[in-house]
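Note sheet for the following structure.
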């Protein structure tokens, strides 16, 4: 049958002008911008002192369909590996006990950071006016929801497959009494969501993600693998695949305010404050968790810190922002000095107050001590002597009634909490750079440990009103505080925290009560 002239004409035209068989995502992204609309006013909760330009672009140009396809593929690989392959191999019980305890802290604390990053990214969406910039922030909101679930899933997985689930399965209610909890909230919550949206972007994207993502999320996979943990790398490396887009969002935030006069006036100060506050917590806490919470070491924390924070971020990353007037933080040099001893100083406080935690802490053994001395000359004569004395006095034995915190007080070594960072500090035993200084404001005394934090506090003392663990529990007996904070296992009497990783000789509330440890307020003497 002969075809019609119209059909023939159409066929000939298609031969010359082939119909498209697909559309590139970048073309769709460009087309979607035509559907943008102007907002009469931004609805952000807090005003910003910066003006974000209306023509700012998004580097990755993500569209919802491609984003969903990409993340679905990653989740299939991640959960498929965890729920099938690693479960069949019994991966949960191949983790060294010391590292399994460390992950009780890392995954739980990081979950809080990811959760608050949801709100931080949404605040930036509210503040931005450029359609592409809003699109980048929206994708990050979805990422942070995913990351929150992933961190929670690590604790869930450990709860089911690790031999000591206590701490993994109930840290959300127990963590509040811990001496490291309020400091974590300071960097992972207050800094991300409180106040100026652009300042929050500096805290989250420019410092938290661009600076500390690598020494946290990337480095932790190396330490985990070295200690038999295949669970954490499976999840955290999937998390890290999203972080580059978040760093790009921070870069675009800076680009969007580059021509704003407020940028020249405030940006470098905000960056320095954000960096110092975060490093004041992350530098000692991550070093302590990696080196003291592992059996098999990867490298000295000071080397990891120097590579990722000082060279990669402070030099290369911030250097790329130099054309927009951004400078490396003035406090970076002091932070570099902190990276050598600060985590060892914190370790003393963490071990001394172990009953308030939700993980089991084993003192460094002979092999650990040799490693510390080889990499931190002078460690043995200071920290090693204290740990060895504690062990002789019965640190691990519940019958001894020995609480290291009481030993510190009896020997004149008061533990203070830095008001700005909320990090514990023992000035009389510290080898780091800090020193104690005390101020009074609104009828309340405040301890501070360094020049940069003191400067921040003096400018805005009302911003740092959070009471610390000693003010909260002054005059209270330790076992009462533990019971009130649900720091016990399912039997209602055995502590979740323990001073060793064995299954015997477990401390109970009665053991703690016999010691008669009562919290004093160290600032009462001033």
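Yeah, the Cβs are placed from backbone N, Cα and C, and that goes for glycine too.
Summarising the annotation, Swiss-Prot assigns active site to 151 and lists sequence analysis as the type of evidence. According to Swiss-Prot, the Fe cation 1 binding site annotation covers 114, 144, 147. Taken from Swiss-Prot, the feature Fe cation 2 binding site covers 209, 243, 246.
In this structure, the binding-site residues 147, 246 were compared by how many other Cβ atoms lie within 10 Å of their Cβ, and the smallest count belongs to 246. Here the candidates are the binding-site residues 209, 243, 246. The one whose C-alpha lies nearest to that of residue 147 (Fe cation 1 binding site) is 243. Cα of residue 209 (Fe cation 2 binding site) to Cα of residue 114 (Fe cation 1 binding site): a distance of 11 Å.
Under 8 Å, Cβ to Cβ, and six or more positions away along its own chain, residue 114 (Fe cation 1 binding site) finds 144, 147, 148, 150, 151.
In the shown protein chains, 23 other C-beta atoms lie within 10 A of the C-beta of residue 151 (active site).
Residues near residue 243 (Fe cation 2 binding site) in space but far in sequence (CB under 8 A, at least 6 apart, same chain), listed by position: 209, 213, 217. For residue 209 (Fe cation 2 binding site), other Cβ atoms within 10 Å of its Cβ number 25. Just so you know, the Cβ of residue 144 (Fe cation 1 binding site) picks up 24 other Cβ atoms within 10 Å once every protein chain is counted.
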